[in-house]
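Chemist: Questions regarding the structure given below will be posed in turn.
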Amino acid sequence: MTTLAIDIGGTKLAAALIGADGQIRDRRELPTPASQTPQALRDALSALVSPLQAHAQRVAIASTGIIRDGSLLALNPHNLGGLLHFPLVKTLEQLTNLPTIAINDAQAAAWAEYQALDGDITDMVFITVSTGVGGGVVSGGKLRTGPGGLAGHIGHTLADPHGPACGCGRTGCVEAIASGRGIATAAQGELAGANAKTIFTRAGQGDEQAQQLIHRSARTLARLIADIKATTDCQCVVVGGSVGLAEGYLALVETYLAQEPAAFHVDLLAAHYRHDAGLLGAALLAQGEIL
């Protein structure tokens, strides 16, 4: 059976057909609508899936935000242009006439990445550092989503009580500092207005402010990982996302994690499925692995 998998992120929408063998084909991408209207997202999703839906028997969605009762509830509305609520499952069922499931994108990615690990690992945490910071937890070989879908939203744990305001309504969240948006927002002077990709490029060219912003992000993530180790006693942490997979970033995180007491050290791995983990994880879940 072929699954039409969809990944809804802060900057892009992706879709692909995934067979029972896990092979990804006919992958497509569109920019996430800047408009905060549900109709704009519906129209973009329609354009994304229309060339693929005739070849699938079901739909699986991995989306940023909290997924509850088939709807997207934005914990940080800024990540979707201000959109607060969207009926994901209902919309895709109407667009495709196919049975549909939905799950948080980082939770889906965690499940895909778990499948790629050695068989003796039963407890792991996945962290995505991209437009925002998200996560997924596998404990005892099972994906933990929580009764309300909130489990794994580790980007909204406290990093600095005097830090910047976060779009979730809290102050000093990891996401507000370590994410691509957080890196860009903190840029000043000639870097003001630059996005995270540009800041990474400038850091590689020796720009001191750009390097400091990236180190600040990596240091914040390392402290989060130490907290995760203390909370879950996980066997490894897998890091993905456009920032998490940027050249040299994970090595910086490892350097800062090594400065923590040994009890909080944990193996760090780059995401095996790179930017396709959310798509693949959603498809695996649709095959009945968990949901």
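Glycine is treated like the rest: Cβ placed from N, Cα and C.
Feature table excerpt (Swiss-Prot):
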- 5-12, 132-139: ATP binding site (BINDING)
- His156, Cys166, Cys168, Cys173: Zn(2+) binding site (BINDING)
Chemist: Give the helix, strand or coil assignment DSSP yields for Cys173 (Zn(2+) binding site).
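Modeler: Its secondary structure by DSSP: strand.
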Chemist: Taking the Cβ of Gly9 (ATP binding site) as centre, how many other Cβ atoms lie within 10 Å?
Modeler: 24
Chemist: Hey, which of the binding-site residues Ala5, Cys168 is the loneliest by Cβ count within 10 Å?
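Modeler: The binding-site residues Ala5, Cys168 were compared, and Cys168 has the fewest Cβ atoms within 10 Å.
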Chemist: Mind giving me a neighbour count for His156 (Zn(2+) binding site)? Other Cβ atoms within 10 Å of its Cβ, every protein chain shown.
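Modeler: His156 (Zn(2+) binding site) is surrounded by 22 other Cβ atoms within 10 Å.
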Chemist: Between Gly136 (ATP binding site) and His156 (Zn(2+) binding site), what is the CA-CA distance rounded to a whole number of Å?
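Modeler: Distance (Cα to Cα, whole Å): 13 Å.
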Chemist: Given the Zn(2+) site residues His156, Cys166, Cys168, Cys173, which other residues of that chain have a Cβ within 8 Å of the mean position of their Cβ atoms, reported in sequence order?
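Modeler: Once His156, Cys166, Cys168, Cys173 are set aside, the remaining close residues are Leu75, Asn76, Gly155, Gly167, Gly169, Arg170, Val174, Glu175, Ala176.
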Chemist: Using C-alpha atoms, which one of the binding-site residues Thr11, Gly132, Gly134 comes nearest to Cys166 (Zn(2+) binding site)?
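Modeler: Closest candidate to Cys166 (Zn(2+) binding site), judged by Cα separation, is Gly132.
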Chemist: Please classify the secondary structure at Gly134 (ATP binding site) using three-state DSSP.
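Modeler: SS state of Gly134 (ATP binding site) = strand.
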Chemist: Just how many other Cβ atoms lie inside 10 Å of the Cβ on Asp7 (ATP binding site)?
Modeler: 27
Chemist: What's the CA-CA gap between Val138 (ATP binding site) and His156 (Zn(2+) binding site) in angstrom, rounded?
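Modeler: Distance between the two Cα atoms comes out at 19 Å.
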